[in-house]
Amino acid sequence: MSQQDKEVVKGVVEWKIKLGDDDHDNHSLALSSLLLLPSVMVACIWGAMVGVSMKVCKFVKKAWQMGLDDPRKFIHGLKVGVALSAVSFFYYIKPLYDGVGGNSMWAVMTVVVVFEYTAGATICKVINRICGTSLAGFLAIGVHWLADRAGEQGGPMIAGVSLFLCASATTFSRFIPSIKARFDYGCLIFILTFSLVAVSGYRVEKLLDLAQQRVSTVIIGTCLCIIVSMTICPIWAGQELHLLVIKNLDKLANSLQGNVDEYFNNNQQEGASDEECRTKLIGYKCVLSSKATEETMANLARWEPAHGRFNFRHPWKQYVKVGASMRTCASCLDALIACINSHNQAPDHIKNKISGISVKLGSKCANVIKEVATTMRNMTKSSKVDMLIMEMNDAAQELRDLLNNSHSNNLLIIPQKPSTTTNEEDEEVVGSVVELNMMMIPAVMEIIQVVTVASLLIETVSRVEDIVKAVDELSNLAKFKEPKCVKDNKIHPTKQQNHHDDVHEAANNNDNKTLQMV
């Protein structure tokens, strides 16, 4: 064998040895991966379980915190459980089950559907469900009676046409605003009940018994809902609306004063964190976004009976007007926020010229709103609101005078064109004066922002007066209590008259003494 052949054979043997080693390594790697696969799967499952448990813990923590913040939500859950447990006896106890028949499940479904958070919402749904079920049941029985008289051929046609007309008309009526606000749920129940009774009545012989059992189970479920909702820690929609409007008034007052101070760098609150200050500054946004809530609560409050300090025919619609007037004031405040967040800020020396009176005006407006909130909170007419409004108007007039006299106050200096003259010395003097005035003229963009803020504050005054008028109308309609000073004047009119007579007599005596001295 030649030397070349020996080298070839040696290379082949080495290649086989290397290939055999690679196969052994691959086999050992695959074996080790198979051995590690169960541990990897266990680790993945354990990681997933830990992640799910952490999410569950966070959810439970948030739910617990929500229950601590408002325990009424937890109580509402207990109330629903009590109502369902009570109504389920009609299904579990045989005598009660025999009394209402197999339709006792409708009572359970009624509690689930009707029971709401507030008593007003529950009463609204209860009345809608009873009226819709009763009206649809009686109408379906009448249609069934006509269908029986029409025979086998005309009966299905009468039932189908009546179902088409009732469903179409009722669905269209749900688009009418007045009906949608108060009877939308009743219209839906009317369509459902009429369809069930009319369609099933064509094959059921004892239709009257079916309708009677259906109405009786609905009445049982709704009565239990009303009893539980109004006896166990009742939550009144009217009271919630009253508190919501008061909170919005306080937030609006704090935001107004805080934003004016923020713009003029007059923050004097010590010990308050940045988060608290920011919350006060943006509190007006709750006023802007509360329209739907106020309208819903006002509609639900009209269904509630007299409770607490609220009579049966309390003017709940007036609360919506108060909220609308607050939103118009908050819109001015929203424009003021845009000036605060603007990148092109006016110089401090221009702000300082109207800073004092502007901060004073913002404080006076906030005081008026806070006094109005106190009036609503105590449901007593205020004896100080007129004086506060007078002070607010005086501050607004001072700001108007400052803007009107801006030329004399060097707030806005407008250059005058020099008069034509032939005297060279006069021309030089006039030119130097104009040049000096041009140096004192601030940029238009620096002035316009300050003037915009001042005009917004003046406009806010009129918006605050609208709030006062709306609350004053509410106090007259709701018959708020008179303040103590007015009561004292009404109780002791003779003393008041004697006091005025004494004062008048003393003044006359002083005048006579003065004349004698002269």
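Glycine is treated like the rest: Cβ placed from N, Cα and C.
Bear in mind that TrEMBL entries carry predicted annotations, made automatically and left uncurated.
The feature transmembrane segment, as given by TrEMBL for the ranges 153-173, 279-299, 300-320, 468-488, sits at 153-173. Given the ranges 216-237, 326-347, the record in TrEMBL names 216-237 as transmembrane segment. Counting residues 6+ beyond its ends, the transmembrane segment (130-147) has Cβ neighbours under 8 Å at 154-156, 158-159, 162, 166, 185-194, 197-198, 201-202, 207-208, 211, 214-215, 218-219, 222 in the same chain.
Proximity of the transmembrane segment (74-93) to the transmembrane segment (216-237) is established through 3 or more Cβ-Cβ distances under 8 Å for residue pairs spaced 6 or more apart. Cβ atoms under 8 Å from those of the transmembrane segment (153-173) belong to residues 139, 143-144, 146-147, 179, 187, 190-191, 194-195, 198-199, 201-202 of the same chain, restricted to positions at least 6 beyond its ends.
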